[in-house]
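Enquirer: Per TrEMBL, domain 'ABC transmembrane type-1' is recorded for B:66-267, B:344-547. Residues or ranges marked as transmembrane segment in TrEMBL: B:25-46, B:66-90, B:102-125, B:151-170, B:248-268, B:298-323, B:343-365, B:386-406, B:418-440, B:483-509, B:529-548.
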Amino acid sequence: MTAQMQSAPPAGTGTAGAPPALTLEGVTRHYGSSRGVESLDLAIPTGELVTLIGPSGCGKSTTLRLVAGLERPDAGRITVAGEVVADRSRFVNPENRRVGLVFQDHALFPHLSVARNVAFGLDRLPRAERRKRVGDLLDLVRLAHLADRYPHELSGGEQQRVALARALAPRPAVVLLDEPFSSLDESLRAQVRRDTVATLRETGTTGVLVTHDQTEALSVGTRVVVMHNGVIEQADVPEKVFEQPATRFVASFMGDADFLPARVHRALLTCEIGIVSTVPGWADSDVAVDVVLRPHEVALRAEPNATAHVSGVEYHGAFVLHHVRLASGRTVRSWQPHDVRHPVGTAVTVTVAAGTAPTLLVGDRAVTTPPRNAPRPPVLP
Amino acid sequence: MTDTAALAEPRPPRRRYRTYGVGRPAWSTLVVVVAVVVATPVLAVVVDGLGSLGSTTPPRDLIPMILTTLALMLGVGAGALVVGGGLAWLVTAYRFPLRDLLVWLLVLPLAVPAYVLGFVFLSVFDVAGPVQSLLRTVFGTDVWVPEVRSLPAAILVMTLSLYPYVYLMARSALIEQSSGTYDAARTLGSTRGQALRRVVLPLARPSLAAGLALVMMETLTDFATVQYFNVQTVSVGVYLVWKGTFDFHAATQLAVLVLLFAVAVLAAERALRGRARYHQQGGRRQGFSPERLRGAPAWAATAACVAALSAGFLIPVGQLLIWAFGQIAADAGFLADPRFVEYLANSLLVAMITAVACVAVSLGVGHAIRMGGGRVVSFAAQLTTFGYAVPGAVIGIGVLLSFATLDTALERAGVPGGTGLIVTGSVVGILYAYVIRFLAPAYQSVGASLEKITPAITSSALSLGAGPHRILRRVHLPLARPGVAVALMLVVIDAVKELPIVLLLRPFGFTTASVWVYELARENFWEKASLPALVIVAAAIIPVFVLVRQTRRREVHGTTSGKEGQ
């Protein structure tokens, strides 16, 4: 829990003085049996686009519903633009929160034209202003020419843009996007995603985008929040999440990873494949850890006397993925360029690319400094 | 109830992960109030009936009454199962001349209410009717004929009028069975007959049970038709005891008995259905391919279908038409008879008010559920629809009893006269009872329409700043319009057809078309009854066609994909 607290930056980092667009403090929601979220802490500065990722059932949709006001937290506090919208004594109904929603199936009102869909949230504006705002938003998503169409007459990508324009119309403090691209064709998805992100940036809108696509999470978000079993495992910039995963789950969920038992002795990290790297600052320790190896960091060299051998080869086009069985029976994977292909059975030596500083795990958590109460006496490999 | 806290902060439903929202106390309360209002009369009957046990002597003929009811229900149930199930089997498993036409026509008897079919039957077979006259001319006046006003005749008439329920259910069960199960049975070595017997029929069992339950409920509810045939069921007992003595305790005790029969039917349906949830997934609904009959068997199949159709629809409607034309030919002014106009207007007015009320309540309940509300609200919502399973006699007595209790309470509180003659002197009682009775079909179609609106639509509207009222007006109501239209139509027609409740609750001098038909028929003024009866049949044909269209859409779906598969 404390690790998550640290990874969430202090409130108000974004714009000086302004409160964060959205904060969650200890937000908990239980369901009868299992699914729910547990003690979520998160602060999203104004203007950021945060991606929320995790396997299905991890609680990401529940988090969205809690923020939108479609669920009531059992404990904790939620603020939107500095205003408390949910805590022990207060609950603001969704229609009174400044939170916009974009759904996977777009959820456009089928009986209203595009313009009327966008105008739906603007009923408190005078007519002239409303018309102007609708026009501005349709221009923003480049759909002004379709204002009088009905949702069923639009393509999936156009529907998505209308949904975004509709959500942005009332100038929400936060827009929540629940897997907004997953109902689109593969070919369309990348373009719509680029347009959406551009629109959000252009309008300076704070966004939370839920996805189950790792690439999307890493490429779109200014920050990535990884959830698992109802808790936040890590919340950080994409590079950190990928290169310095905070937990075993994050390491394996955000990209491929193999784990090998290893030992840090006098600042030297060793495991089954030999010396992996040096670990500065660990000079005085002797600790058993697990080392995280990403396939792109693993190098192979054919060598007849080696104890490891190739157990599988997958051709992926530009790269070839090699599965290597080590002497212990454990496997590691390695990306090789498309012109390198070691046949199954080839004996290979496995090394780690120079300059790699792999993540070390004690238990299921990553460690960067030697654990104070050294967990286990070292076992000789 | 200790639910006020739960209403404000509902717990999530047990299984459903997805809820619509956090619940709105005002809307949730509305649902609970509706549930209480709807349940009150029935609860009143149960409380009064059980509470007064022993204070009155039960009617002398109680035991025969119970036995008659049992015999009638079992007889009609068995008859409907044989006729409805058999016909469904014939038209689904075989091809024979006229089959494609008969498939749809066989539903038509549903449009002839039993109390109409009953008097036409009597007119043909009773002492003065053409059949007995003919027998007397041929065999002399001493010829023996079975008693027409009897239990077997009542069973026959009600079977002919109610078998389409079983027919429809059985048919959709047979159509909807995925081809997968049937094909699997065949590939596992079953012959066609074995596969039908061991796979198809057991899979159709829940639907047959549901159809059977509908038939038995209708049989139990009726107390008009059976009176033509001098058959004394418990429902008739309630009616006669009340009209004869105006003794609440005696009537409610009998009403509890009627309710027990209803509970038994529902329990039996549950048991027959078993634990089975035969929702079938996948498959292109191809099912088994029908076998073509040739020669005598083919014509026998056609004859069987035509016989059921004639007895249940063609002959009675033909007879009604002959009488009606005779009437008009004799006196064209008959059509302008002020009574005819007045009674028809009464029927329509009561029916339309009922329909609007039912639809409004259904919309409110459906909307409240979508606003969230958890277990209490969904339980209350279910409670609002149980009136359809409560026999008319019970609802009628319950409404009378509830208002009588309210009167007493008001008088005690110092309001002289209480509610006055609201129930006995106006149609409020009828409307109340109708709403209880017809809320279920209205809620079903309105609810089905509402359910097609994805939760995301409601959530989007909320997040765009629309409160519950605006969402109802601007989103839910416009999107549920098809369901609202169907609900209005179904309830209007059901209410025009309704007879038992009006008989029990109508104020002095208030007559509807259905009551008029019943009264004329009881006095053997059959010709005079023909025109209003035809009006009722004509109105009742409309929902039959709606039903047929729904089933047909499913079947067309099935056969086209079946052809693709071949």
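Just so you know, glycine gets a Cβ as well, placed from its N, Cα and C.
Help me understand the surroundings of these features in the structure.
Expert: If one looks beyond the transmembrane segment (B:66-90) by at least 6 residues along the same chain, the residues whose Cβ comes under 8 Å of a Cβ in the stretch are 96, 106, 151-152, 154-156, 158-160, 162-171, 174, 208, 211-212, 215-216, 219-220, 226, 231-235, 257, 261, 265, 301, 304-305, 308.
Sequence-remote contacts of a segment are chain residues at least 6 beyond its ends whose Cβ falls under 8 Å from one of its Cβ atoms, and for the transmembrane segment (B:151-170) they are 68, 71-72, 75-76, 79-81, 83-85, 87-89, 106-110, 112-114, 117-118, 121, 125, 204, 207-208, 210-212, 214-215, 218-219, 222, 225-226, 228-229, 231, 308, 311-312, 547, 551.
Within the chain carrying the transmembrane segment (B:248-268), a Cβ under 8 angstroms from the stretch's Cβ atoms is held by residues 42, 44-46, 48-50, 52-53, 55-56, 58-59, 66, 69, 73, 209, 213, 216-217, 220, 234-235, 237-238, 241-242, 389-391, 393-394, 397-398, 400-401, 404, all 6 or more beyond its ends.
Beyond the ends of the transmembrane segment (B:483-509), by six or more residues, the same chain brings 113, 115, 221-224, 235, 239, 242, 347-348, 350-352, 354-356, 358-359, 362-363, 391-393, 395-397, 399-400, 421, 423-427, 429-430, 433-434, 437-438, 441-450, 477, 515, 518, 536, 539-540, 542-543, 546 to within a C-beta distance below 8 angstroms of the stretch.
Using a Cβ-Cβ cut-off under 8 Å and counting only residues 6 or more beyond its ends in the same chain, the transmembrane segment (B:529-548) has close neighbours at 104, 107-108, 110-113, 116, 119, 168, 317, 319-321, 323-324, 327-328, 334-335, 340, 343-344, 486, 489-490, 493-494, 496-497, 513-514, 516-517, 520-521.
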Enquirer: Name the range, of those listed as B:25-46, B:298-323, B:343-365, B:386-406, that has the largest tally of Cβ pairs under 8 Å with the transmembrane segment (B:102-125).
Expert: B:298-323
Enquirer: Excluding the flanking five residues on each side, which residues at least 6 beyond the ends of the transmembrane segment (B:386-406) place their CB within less than 8 Å of a CB in that stretch?
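Expert: Here the qualifying positions are 38-45, 48, 217, 220-221, 223, 235, 238-239, 242, 248, 251-252, 255, 258-259, 261-262, 266, 418-419, 422-423, 429, 432-433, 436-441, 498, 500-501, 504-505.
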Enquirer: Taking a Cβ cut-off under 8 Å, which residues six or more beyond the ends of the transmembrane segment (B:298-323) line up next to it in the same chain?
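Expert: Those are 83, 86-87, 90-91, 94, 96-99, 102, 105-106, 108-109, 111-112, 116-117, 120-121, 123-124, 160-161, 163-164, 292, 526-527, 530, 533-534, 537, in sequence order.
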